[in-house]
Amino acid sequence: MNNGLMALQARLQHEFSNPGLLTRALTHRSFSLDHNERLEFLGDSVLGLAVADLLYERLSTLPEGDLSRVRANLVKQDTLHHLALGLGLPEVIRLGEGEARSGGHKRPSILADALEAVIGAVYLDAGFAVAQGLVRRLFQAVEIKSDMEAIGKDPKTELQEWLQGRKMNLPLYRVVATLGAAHKQTFDVECEIVELNFLERGIGGSRRAGEQAAAAAMLQTLKAKAAQ
């Protein structure tokens, strides 16, 4: 294991019994077929549960819906990117030549995904308790806001609650097109409400952002129809 990975283990306060997991967690799909996306998927769930447990403990009076919104605000890309920078992930992430030349080691989405993959790798290497301890240490310096600004509803949440309040099924989201070069893609996403036969589209720099844009467009349509 090289000095960079040894230093990262020290910052994580975890020495891997299977160092290959850490290497894979830091490997972008542009570098190798043995990349970090499955670990990212796993780490996203581990992170979500660990943060949910932290909020349940610290915000004992907050109702479920508000807890969900505080958690979403905490684990958003901006926060994970900041934490990844603090761990020094730009210095150790493995990128393909084209991605590296285009500045991929600075890209917030790549670094946020790598952090989730590292959390997933720690979970596989040592179990949930150790991964949870890592998440708690990472979020020690992150301000946990429970004010109205922090728990403001994003478009997807607002749309979901609008539909549930009318006993309707949740909307369907589909990526209909991926535009641009691999290192700078935009996602064209459809949002459909089947019962109403409504379909709207939105574009964003990630799938999640595209879904939020499509949900915002759908909310505008619903509010316009309601005002008629």
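Any Cβ shown, glycine's included, is placed from N, Cα and C.
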Same Mg(2+) site as Asp113, Glu116 according to Swiss-Prot: which of Glu40, Glu57, Glu64, Glu190?
Glu40
Please identify which of Asp44, Glu116 has the densest Cβ environment, defined as other Cβ atoms within 10 Å, among these active-site residues.
Glu116
10 Å Cβ neighbour count around Glu40 (Mg(2+) binding site)?
20
In whole Å, how far is Asp44 (active site) from Asp113 (Mg(2+) binding site) when you measure between their Cα atoms?
9
Shell list (Mg(2+); ref centroid = CB of Glu40, Asp113, Glu116; cutoff 8 A):
Asn36, Glu37, Leu39, Phe41, Gly43, Asp44, Ala112, Ala114, Leu115, Ala117, Gly120
